[in-house]
Amino acid sequence: MIGAIFGCYALFELLASLVFGKYLVQIGAKFMFIAGMFISGGVTILFGVLDQLPEGPIFIVMCFLVRIVDAIGFGAAITASSSILAKAFPNNVATVLGSLEVFSGLGLIVGPPLGGFLYQSFGYEMPFILLGCLVLLMIPLNLCILPSYESDRGEHSFWKLVTLPKVGLIACVIIALSSCFGFLDPILSLFVLEKFNLPAGYVGLVFLGLALSYTISSPLFGLLSDRMPNLRKWFLVFGNLITAVCYMLLGPVPILHIKSQLWLLVLVLVVNGFSAGMSIIPTFPEMLSCAYENGFEEGISTLGLVSGLVGAMWSVGAFMGPMLGGFLYEKIGFEWAAAVQGLWALISGLAMGLFYLWEHSKTRRRSKARNLTGTEEEQAALLPNET
């Protein structure tokens with residue numbers, strides 16, 4: 001039941017991202033962002049008072065409702081925010097998104113210890129009430145600062161976007177990477193406690209290596225992606241391949257005959273943080289540039305479709321990762337479960353690499369054909385004069 005309560009969040013965020021991405025222009029990006037923040041902040045406070053309800057079906061139903069509404073609010077806010085940023089900084093999309101991931105990383109670093117301190121000092125309600133109030137306090141600031149963008153309704157749909165081969169492959173990459181993160185959430189702490197007999201308070205420090213390296217690497221790869229767009233494709237490919245190797249070494253997988261050690265686990269998580277930044281940050285600009293190359297109009301409607309699709313695919317992975325990870329952990333143990341999870345990243349990385357090689361060879365053939373045609377036309381133009 002606990003797994004279902006947590007899992008429903010990702011499922012409804014998936015649905016919300018698709019719907020809000022489709023109707024971003026009609027609703028308005030600024031209004032969607034503010035409304036999403038208001039809903040998310042409000043239900044976070046409500047989550048803090050759920051312990052006042054009677055035990056049994058009422059409590060469980062309210063847990064589901066609060067998580068579902070929170071997912072819808074978050075889906076609205078994150079879809080609108082990505083679109084607003086891409087519209088405000090069209091030439092530096094990856095840099096801006098990478099810089100914002102610094103704050104996502106800081107949230108992952110500060111959240112658990114701060115929440116634990118507030119819980120121990122003031123009780124269950126305080127972390128939720130404080131966090132919800134902080135979100136609500138951000139609303140007046142964003143009302144004053146954020147610009148309003150108006151745009152015509154686009155002619156294209158999610159279906160046309162996702163059926164583009166390149167976009168479809170990038171969507172698979174996002175699912176694979178998201179499921180890798182989701183896999184670690186419920187499983188890694190159990191493995192660390194069981195394998196290394198660490199005190200419960202030290203388990204959070206193991207995750208710190210992943211969060212810190214991702215926080216540091218995200219703006220760096222965002223800047224490189226904007227300055228050297230040709231590198232984005234290779235960031236995607238090699239980021240996935242390095243992630244796959246990291247998951248093979250997390251256990252490590254028994255066929256490698258490497259002894260499991262704490263320092264190795266922490267080192268692998270640090271490298272995984274860098275590989276995640278390398279492969280996650282270029283996904284949005286790559287998908288956006290592919291949409292523009294295939295006739296999608298440059299405006300807030302296309303940005304909404306891309307933002308919604310990225311958010312939806314991330315939610316698919318966030319839903320599948322913990323579910324699959326929990327099942328595999330029980331059946332075959334952490335070492336093999338992590339290797340199977342890494343296989344996803346390996347397959348998606350190889351598929352992207354093969355696609356980019358095919359695309360490169362196709363471009364070269366087209367360029368040669370164009371040059372050959374141009375040479376023949378020049379010769380034809382010169383022949384009459386020579387005669």
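Note that Cβ sites are derived from N, Cα and C of the backbone, with glycine treated the same way.
Here's what TrEMBL has on this protein:
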DOMAIN    1-365  domain 'Major facilitator superfamily (MFS) profile'
TRANSMEM  6-24  transmembrane segment
TRANSMEM  31-50  transmembrane segment
TRANSMEM  56-80  transmembrane segment
TRANSMEM  126-146  transmembrane segment
TRANSMEM  167-193  transmembrane segment
TRANSMEM  199-222  transmembrane segment
TRANSMEM  234-256  transmembrane segment
TRANSMEM  262-281  transmembrane segment
TRANSMEM  302-324  transmembrane segment
TRANSMEM  336-358  transmembrane segment
REGION    368-387  region 'Disordered'
Looking at the transmembrane segment (31-50) and the transmembrane segment (199-222), are there 3+ C-beta pairs under 8 A, with each pair at least 6 apart in sequence?
-> no
For the transmembrane segment (302-324), could you work out the same-chain residues 6 or more beyond its ends whose Cβ comes under 8 Å from its Cβ atoms?
-> 3, 6-7, 10-11, 13-15, 17-25, 29, 75, 78-80, 82-83, 86-87, 154, 156-158, 161-162, 167, 171, 174-183, 185-187, 283-284, 287-288, 291-292, 296, 341
Spatial neighbours of the transmembrane segment (336-358) not adjacent in sequence (6+ beyond its ends, CB under 8 Å) are 165-166, 169-170, 172-173, 175-177, 179-180, 183, 187, 233-234, 236-241, 243-248, 250-251, 253-254, 279, 321, 324-325, 328-329
For the domain 'Major facilitator superfamily (MFS) profile' (1-365), provide the mean pLDDT of the predicted model.
-> 84
